[in-house]
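S.K.: Per TrEMBL, the features are:
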{"type": "DOMAIN", "residues": "6-224", "note": "domain 'Cytidylate kinase'"}
{"type": "BINDING", "residues": "Gly10, Pro11, Ser12, Gly13, Ser14, Gly15, Lys16, Gly17, Thr18", "note": "ATP binding site"}
Amino acid sequence: MTTQIITIDGPSGSGKGTLAAKLAAHYGFHLLDSGALYRLLGLSLFKNALLEKLDDENALQQSVKIATNLDIKFVSTEQGTQVLLDGEDVSQTIRTEQVGEYASKVAAIPALRAALVDRQHAFASEPGLVADGRDMATSIFPQAKAKIYLTASAESRASRRVKQLQGMGLDAKISDILANIQARDKRDMERTVAPLKPAEDAYIIDSSTLSIEEVFNLMVNYADKMLAK
Ligand code: DC
């Protein structure tokens, strides 16, 4: 039997992270937060002073090596998932807007995306996987039985993000966040490699005016049907 896979793709702030974690818990499946991989790679390249030099062939080669050998661990704790990079807890750091920017830069470079593919495939194991990202259905797991595309208006995503950052004790201005979201959407949707777009057979949900519970119920109804096929 092939591993059951549910993919959730969509722009940042659509609620993917929360919903993917809830779905994984509901089905008892593993969880892949692929955005975290891009964030970790962005942070690592920044720390190695390579992020601004990616158009240099040598620097790119070095960066690919770093991507392939990235020392990362996802540890489940009662508070959520703890993320370690080279043994250091970077769970909070990788969620900052700054590191989101690093990730978006990294994500636009084909050689770096390619270097993360095997690592993502390795998450697909029994009893199943919920994979959260931008290209989960279109590129990494096209064989997934259930493919969800979760979107929401840029404004509603910005206001959710501000609340999330404030909840983490971080300062946030809605106009800055909205501008960031719009710029990142544009970059993610217009890049030539694995652009953000729904798979042809994706189930599209717009969460702008829906609660987490409402979105969750729509997802479970759909996934139950698809996984039973
Ligand atoms: O979902 P997120 O905000 O953590 O993603 C961070 C960045 O990584 C975002 O700019 C899009 C990119 N990304 C990607 O290109 N492909 C993925 N599968 C996941 C994230």
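For all residues, glycine too, the Cβ spot is worked out from N, Cα and C.
On this model, are these features tucked inside or out on the surface, and what's nearby?
M.R.: The C-beta environment of Ser12 (ATP binding site), restricted to residues of the same chain at least 6 apart in sequence and closer than 8 Å, consists of Gly35, Gly100, Arg157, Arg161, Ile181, Arg184, Asp185. Reduced to three states, the DSSP call for Ser12 (ATP binding site) is coil.
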S.K.: Provide the number of Cβ atoms within 10 Å of the Cβ of Lys16 (ATP binding site), excluding the reference atom itself.
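M.R.: If we count other Cβ atoms within 10 Å of Lys16 (ATP binding site), we arrive at 26.
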S.K.: What is the total of other Cβ atoms whose distance to the Cβ of Gly10 (ATP binding site) is within 10 Å?
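M.R.: Gly10 (ATP binding site): 26 neighbouring Cβ atoms within 10 Å.
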S.K.: For the recorded ATP site formed by Gly10, Pro11, Ser12, Gly13, Ser14, Gly15, Lys16, Gly17, Thr18, which further same-chain residues have Cβ atoms within 8 Å of the site's Cβ center?
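M.R.: Near the ATP site, the remaining chain residues are Leu19, Leu150, Ala152, Arg157, Ser207.
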S.K.: So how many other Cβ atoms are close to Ser14 (ATP binding site), meaning within 10 Å of its Cβ?
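M.R.: Taking every protein chain into account, the count is 24.
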S.K.: Over the domain 'Cytidylate kinase' (6-224), what is the model's average pLDDT?
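M.R.: Mean model confidence (pLDDT) across the domain 'Cytidylate kinase' (6-224) is 94.
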S.K.: Who sits close to Thr18 (ATP binding site): which same-chain residues at least 6 apart have their Cβ under 8 Å from its Cβ?
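M.R.: Non-local contacts for Thr18 (ATP binding site): Ile212.
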